Every structure is written in structure tokens, then in C-alpha cells.
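Novice: What TrEMBL lists as transmembrane segment is 33-53, 88-111, 169-190, 219-239, 259-279, 291-310, 316-336, 348-366.
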Amino acid sequence: RKYLVVYLLAALSDWLQGPYVYALYDAYGYSQHDIAVLFVAGFGSSMVFGSFVGGMADQCGRRKFVILFSVIYALSCMTKHFKNFQILMIGRLLGGVATSLLFSVFEAWLIGAHANAGVMSHLGKSFSMAQYGNSIVAIIAGQIANRAANYAEFKPTSDDSGFYTGGYLGPFDVSLVALVACGLLGATLWEENYGKTTKSSASGALKNAFTATIRSPDILSCGIISSLFEGSMYIFVFMWTPALTTLAKEEMGDSFEGLPFGIIFSTFMVCCMAGSSIFSIAMEKLKPEQLAVTVFGVAALAFAMVVFSTNATSTFLAMNLFEVCVGMYFPSMGTMKGMIVPEDKRAAIYNLFRIPLNFIVLFSLLTDLSPKTSFTLCGTMMVIATFL
């Protein structure tokens, strides 16, 4: 429960921002190329700096780095109020580091807490609850962000000011409040835990994590598989909107008035919740690795259905099937990593896993792939993951 309160506040802060980052940059008048540069900077920052902060978290304390996550992400939110490109770039760099911490340090703390309490058998259930709660939070965040974005007019504080308020900045302001609460509750509710390491530099911690990964076939395989699945997931996030929009326009012609993206997103999140519930039931009879293979196989099938589908309805159903797989993936992969990755290098290795993931995401951002080609790539990665 202590973990869920803090983690779900962190997840809330992230979900609040997601749908409005591109829209905010566009409202400031930046071109698609400029916006792409900002996004690439964010993922590049996550890939480079995130590799080092994981090892530092293992050494200095994971709770401290959860608090640091809150501070860094809060600063990133504050930069969004400025129209200046350089300040927005700083915000993206900070956001990239914060994202690496969100997807590594929280999970490392949870596994460490289970290990210290001698309840590792409960780990799968904890991950399932976290994923289920994350889906609920995502739905709530969508509603809150929508209201916040429409609460006040988007405008500068004065005619010659580069500081803006209102409009698409609303969700970032609400996210800032969630981050403050996350940091305060993390500091008061959580006990500190560490990777049991000797003191070394950040680069030394990264080198140790890399060596441990290369020398262990299980850790290496785990890292490759997680990068393939999560890379596919990010590509899906970028591509589902244009894919459904194109098909709907072809079917409806001049009568097309837009898609209900809020309802579609909420449906995806309900499917994620269903996936985490299925994992909770299935884990009583199947091992996490068996569930993971099933997830990858079904995900490959879902992408094949998307690629070969010729109408929006069947494409949407296939996308929902993939979201069920997402709901099953995170608790199953979290449980496997908890068993495979050594405790003393956990956060460092988790961030190391994100390097190939970020390469995949950067590739999708920097190339002009069509939705169908992108989904074909995703399906191929899922087939590879199934047989690894």
C-alpha cells in the first residue's frame, strides 16, 4: 500500500502530461521539425543520463532518487510555461532523466522492499496491483487533464512576455501538484533501501551493470525482450491515432467529423486492466516466463491483425487485444526481472535495458515510416521476442 500510493501519484503526474506535450509545443507556434527535435532530445536524455542515474540510485538510496525524480519532473513542468525554445529544451532533457527514474527506481525499490521483508513470493501480486491501479489512474488522468486544459485561456502574462498560463499548461500544473505529493509521501512513507554495492563512481556502476548483463544469458535475454516489447508499445502510442483516423476517413468520407480519442484511450486502459487481472488469475497456474511467451505471441497476432485489417472496427479490436497484452506484460516482466536481476545492480541494469529501447523509439521518430510499416516492424519484434 505504501508503494502504491507513491507510485500511482508518480504515474498520475506522467499520464497528465503525455497527451498535451505535442499540443503545447504546437500552441507555442513551433514547427513539426522543431517539435521532433524536442522529442528526440527527451529520449536521448533518457538514454544517456538515465544509464548513470540508475547506478547512483543503487548506491545512494532508491528512496532519495524517488524524491529526486519528483524534483526533476516538477522542474520540467515549470519550464513548460516559457515559450523560449532553449528553456523548453532544458525541460525535455530534465523530463528524459525523470522518465528513466520512473521506469527503474520505483520498481527497484519495490523489489528491494519485498526482499528485505522476505516476501518475494508476493512480488507478482504486487506488480499486478500496480499495473491495475496504473490503468485506473490513466483513465482518471485523462479526465482531469481535459478539464484542466479547458479551465483557463492560454495566453501570455503580458503582451511582451514569454511566460504563458492557462490552456494546455493546466495539465502540467496539476502534474506539478501530484509530483510534490509524490515526493513528500515517498520521503515519509518509504524506508530507504539500497543495492548492496561497494562505493564506486557512476561510470563504474554502469560498467558493472553492463558486465553483469553480458555475462548472464538470462539478464541479456530479459533486457532484449523488454526493449522489443516496450519499443513496440511506444511505436504503437505514436501510430494508433493516424492509423485509425486514416481508416475512418476512408470509410466515412465527407461525413467524418473526428474520432472520440478520449473514449478510445479509456477503452485501451480498460483492456490494460483486464490484462493485469488475467495475469493475477493465470499466475496461480503458470510461471511468469510461460505467461510472457504467451503475451508476446498474442501481441504478434494482434499486430498482424492490425496490418492486414481493412476497416477501422477490426483494427480497433486488434489494438484492444494488444492493450490486454500490455496489461499482462508489465507484471509478468516485473516478476521475471525481480528473480533474474541481481539486487546490488538492479536500478543500473534496469536503466541499461532502456538504452536499446530508446534507440528503437528514436528510430521511429527520425524515420518517416507509415503506420502499416511501423506495425509490421512491431509484429516482427514480437515474433523475435516470442522465440527468445
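All residue numbers here begin at 1 and follow the chain in the order shown.
Glycine too: its Cβ is placed from the backbone N, Cα and C atoms.
The structure displayed is predicted, hence computed values, not measured ones.
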Novice: Near the transmembrane segment (88-111), which same-chain residues lie under 8 Å Cβ to Cβ, leaving out any that are not at least 6 residues past its ends?
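Specialist: Residues 3, 6-7, 10-11, 14, 25, 28, 38-39, 41-47, 49-51, 53-54, 57-58, 62-63, 65-66, 68-69, 72-73, 75-80, 82, 123, 126-127, 130, 190, 193, 195, 334, 337-338, 343, 346-347, 350-351, 354 contact the transmembrane segment (88-111) from elsewhere in the chain.
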Novice: By a Cβ-Cβ criterion of under 8 Å, what residues six or more beyond either terminus of the transmembrane segment (291-310) are in contact with it?
Specialist: 225, 229, 232, 243, 247, 279, 282-283, 317-319, 321-322, 324-325, 328-329, 332-333, 336, 372, 375-376, 378-379, 382-383, 385-386
Novice: Please report, as numbers and ranges, the same-chain residues at least 6 past the borders of the transmembrane segment (33-53) whose CB is under 8 Å from any CB of it.
Specialist: 21-22, 25-26, 65, 85, 88-89, 92-97, 99-101, 104, 202-203, 205-206, 348, 351-352, 354-355, 358-359, 361-362, 365-366
Novice: What parts of the chain pack near the transmembrane segment (316-336), using Cβ distances under 8 Å and only residues at least 6 beyond its ends?
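Specialist: Contacts with the transmembrane segment (316-336): 107, 123-124, 127-128, 130-132, 134-135, 222, 225-226, 229, 233, 236, 240, 244, 264, 267-269, 271-280, 282-283, 288-289, 291-292, 294-296, 298-299, 301-303, 305-306, 309.
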Novice: Residue list, the transmembrane segment (219-239) vs rest of chain: Cβ under 8 Å, 6 or more residues beyond ends.
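Specialist: Same-chain contacts beyond the ends: 212-213, 292, 295-296, 299, 303, 319, 322, 326, 329, 333, 336-337, 340-341, 349, 352-354, 356-357, 360-361, 364-365, 371, 374-375, 377-378, 381-382, 384-385, 388.
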Novice: Are there residues at least 6 beyond the ends of the transmembrane segment (259-279) whose Cβ is under 8 Å from a Cβ of it, and what are they?
Specialist: 19, 124, 128-129, 131-132, 134-136, 138-139, 142-143, 146, 241, 244-245, 248, 291, 316, 319-321, 323-332
